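Features as listed in TrEMBL:
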type	residues	note
DOMAIN	152-391	domain 'Aminoacyl-transfer RNA synthetases class-II family profile'
BINDING	THR209, ARG240, GLU262, ASN360	L-serine binding site
BINDING	ARG240, ALA241, GLU242, VAL255, HIS256, GLN257, PHE258, GLU326, ILE327, SER328, SER329	ATP binding site
SITE	THR362	site 'Important for serine binding'
Amino acid sequence: MKLPTNSRLWHLLLLRRHRSHDAKAAVTPKLRPVPTSAQLDELERNVVVRHHKNNMPLIRSLIQELEAGDQRKLSQLQAELEQLPNATHPRLQDYGEEPRELAQYVHRELPPQSTLKEFSELARALNLYRMDHLGNYTGHKSYYLTGQLATLEQAIIQYALQAVTDHGFKLISVPDILPKEVIESCGMRTEGERTQVYKLDTGECLSGTSEMALAGFFANKLLSEEQLPLKVTAVSRCYRAETSGLQEEKGIYRVHQFNKVEMFAICTEEQSEAELEEFKNIEVDLFRRLGLNFRLLDMPPCELGAPAYQKYDIEAWMPGRQMWGEISSCSNCTDYQARRLGIRYRRSVDGQILHAHTINGTATAIPRLLIALLESYQREDGIEIPAVLRPFMDHQELITRNKRIPETKLVKFIKA
């Protein structure tokens, strides 16, 4: 698969600064041939279709000043170019703002809607969950899972890890604290009003997904083509400084920290579309075996974020909420992240050194998957455990009320 020309247009402007994974070293950028006005028009059309807010008039002005000999504008131009989104797959150009539903999978016949309960009601009735009255010491959007619900979380993680390692993914344990340069190189902004990133006093950041740490692990690496595709997986805590006032996103649907099993691959340009399809098929199989009702979506340009060339989402039906909720996605980022991080490979046929492509995908994101599972498997006497998870829960078949851990109430701290 050969990418359309516009995927590399802006790379005609500058040679990217290759960063080490401690994000301190840099190679001085040098000028390359300047693209034509028509090529800049194509870049601007891509910015518009993806609903990004890049300042294309400023980019054009900076290029003109550079051509006139003002080299002081080079770093400013570099900063503007860093914010441009990846190219967009031609298939998506006429999607508008809505995703295309590719398939819908129905595996469970649900009870009448009048008898269905929402996750928080189910979990509280079983005394397995706490989210209320935590702001005085853990902050907003925090939660506790206790007893069998905490065990179910670990069962889901082990189930997902077994599945992805059976497909050749190698497990890596990753850090949660990363240099901001690594996070930005992966396509997530760390500055500005709308950033989702938690920044520490040291200047480093909390990772939003282990994809970032996995990508950073291979920063400035030169791989051989024979090593590719190179597939890795990680379990990590994910930190998101996002909030939502939507009623349907209450509870643990959108929280500030959660556990996730992530898949990540480094491959050649020719392999990347096939790798994305493999990621998608693994995710579909994971949720099919869990017995969920879900649908597969092909996402439009405005939903791709900055790094993705194309992206699939999976949404599960959450019967207690009567809504579709995203539980997984996978993206082909082509060479967008690899160029920023200096991830390259040597082509075997001629020894040429090329930038790799990167693929990422969510095997399981725990909170939303718990919502879908509890609401889909609810019974009058408890929560039925999906058959594929029972080997990881000592072959237990039903979650019932937790009587060991006492229910908690808010107590105000009294100063002596």
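Placement of Cβ uses the backbone N, Cα and C atoms for every residue, glycine included.
Structural mapping of features recorded in TrEMBL.
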{"residue": "THR209", "record": "L-serine binding site", "Cβ contacts under 8 Å, 6 or more apart": "SER236, CYS238, LYS260, GLU262, ASN360"}
{"residue": "ARG240", "record": "L-serine binding site", "Cβ contacts under 8 Å, 6 or more apart": "GLN196, GLY208, VAL255, HIS256, GLN257"}
{"residue": "GLU242", "record": "ATP binding site", "Cβ contacts under 8 Å, 6 or more apart": "GLN196, ARG254, HIS256"}
{"residue": "PHE258", "record": "ATP binding site", "Cβ contacts under 8 Å, 6 or more apart": "ARG237, CYS238, ILE252, ALA365, ILE366, PRO367"}
{"residue": "ILE327", "record": "ATP binding site", "Cβ contacts under 8 Å, 6 or more apart": "PHE287, PHE294, ILE314, GLU315, ALA316, THR362, THR364, ALA365, ARG368, LEU369, ALA372"}
{"residue": "SER329", "record": "ATP binding site", "Cβ contacts under 8 Å, 6 or more apart": "MET299, LYS311, TYR312, ASP313, ILE314, GLY361, THR362"}
Cβ within 8 Å of the mean position of the Cβ atoms of THR209, ARG240, GLU262, ASN360: remaining residues of the chain near L-serine: SER207, GLY208, SER210, GLU211, MET212, CYS238, LYS260, THR362
Protein Cβ atoms within 10 Å of GLU262 (L-serine binding site), excluding its own: 26
For ATP, whose listed binding residues are ARG240, ALA241, GLU242, VAL255, HIS256, GLN257, PHE258, GLU326, ILE327, SER328, SER329, the greatest C-alpha pairwise distance in Å: 20
Other CB atoms, at most 10 A from the CB of THR362 (site 'Important for serine binding'): 26
Which of HIS256, ASN360, all binding-site residues, has a Cβ with the fewest other Cβ atoms inside 10 Å: HIS256
For L-serine, whose listed binding residues are THR209, ARG240, GLU262, ASN360, the greatest C-alpha pairwise distance in Å: 18
